[in-house]
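The structure under discussion appears below in the form of structure tokens.
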Amino acid sequence: MYQQIVVLTGAGISAESGLRTFRDQDGLWEEHHIEDVATPEGYERDAELVERFYNSRWQQLHSGTVVPNAAHLALAKLEAEFTGQLLIITQNIDDLHERAGSRRLLHMHGELSKGRCPRSRQTFILRDPFGASNCCTCCIPAQRLRPHVVWFGEMPLGMDSIHDALDNCDLFIAIGTSGTVYPAAGFVDAANHHGAQTVEVNMMAPDRHCQFQYHLTGKAGELVPKLVDTILAGQVIGSESSL
Ligand code: BV8
């Protein structure tokens, strides 16, 4: 039934894996000022503070207690069995989609498991926590690696591919995102403009919920597997027989 599907995920899809979201109760922004830890200016002002912020998230992600949940696994199953085209655009910097088996994946806000040379922009798999001694190998003198993360005021990654996918999709699904950060929050408008069906999976009705044609309210870990089964059965979302 559907030929080209775009899925946008946010922090909410990783919540059931034990990773904190940003804007929920007990979220990351309750403990940190965005301008201090998620802007280039904040990094210029106090690199160690920003490094502590990302090092603690990196250590939690690789502590052995954080694993992909049923929503990540369902999207990997969709990629394996769907005969059309699928692209997962994630705002998340964790690697839970990869660990669930997804490959058609674009990290538009970067990746926690990589560092970047501030001079060459070359990325490096993070083997040690960020710090003054964790430097690139591409420059002389070696440069202190920064998180390979898109901060506020920086251009998200893969925007050309994203716009191409949004212009051609017939189904756009947003999972676990508050719809407060642009340009990701505007993707639903592009999908609507090009005639795609737009579906939102969230625990509540977030900022841009009125732009979506369908809302599935509840936990991603429960709803996404059912949504994937509906799609793989060739059913239209929102029809009587479907979810
Ligand atoms: C840029 C770093 C341009 C990574 C982050 C209009 C147009 C364009 C830009 C702007 C604009 N207006 C303002 C801007 C600037 C700004 C912006 O959007 N500001 C906002 C605050 C208004 N945007 C930018 O700066 C972006 N860059 O536009 O560049 C440009 C042009 C030319 C030249 C240069 C630049 C860059 C944005 C990226 C910022 N980086 N973080 C990191 O540390 O992780 S943002 C941060 O918020 C994360 O990346 C995160 O991905 C993003 C969105 O948060 P969510 O993922 O949605 O998480 P949140 O906690 O908010 O919500 C969780 C949701 O899940 C909730 O709805 C909850 O109900 C739900 N949920 C919880 N549990 C579950 C669940 N749902 C289902 N099941 C559950 N179990």
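Counting begins at 1 with the first residue displayed.
Any Cβ shown, glycine's included, is placed from N, Cα and C.
What TrEMBL says about this protein:
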- His109: active site, proton acceptor (ACT_SITE)
- 10-29, 91-94, 176-178, Ala220: NAD(+) binding site (BINDING)
- Tyr54, Arg57: substrate binding site (BINDING)
- Cys117, Cys136: Zn(2+) binding site (BINDING)
- 1-234: domain 'Deacetylase sirtuin-type' (DOMAIN)
### Message
Running a distance check here. Ligand 1 versus the binding-site residues Ser14, Phe22, Tyr54, Arg57, Gln91: which have CB less than 6 Å from one of its atoms?
### Response
Phe22, Gln91
### Query
Under DSSP, is His109 (active site, proton acceptor) helix, strand or coil?
coil
### Task
Check the Cα-Cα distances from Cys117 (Zn(2+) binding site) to the binding-site residues Asp26, Tyr54, Gln91, Gly176 and tell me which is shortest.
Tyr54
#### Entry: Neighbour tally for His109 (active site, proton acceptor), based on other Cβ positions within 10 Å of its Cβ
21
### Message
List every residue in the same chain as Ser14 (NAD(+) binding site), at least 6 positions away in sequence, whose Cβ is under 8 Å from its Cβ.
### Response
Thr21, Asn69, His72, Asn92, Asp94, Leu96, Gly176
### Query
Using DSSP and three states only, what is Ser14 (NAD(+) binding site)?
helix
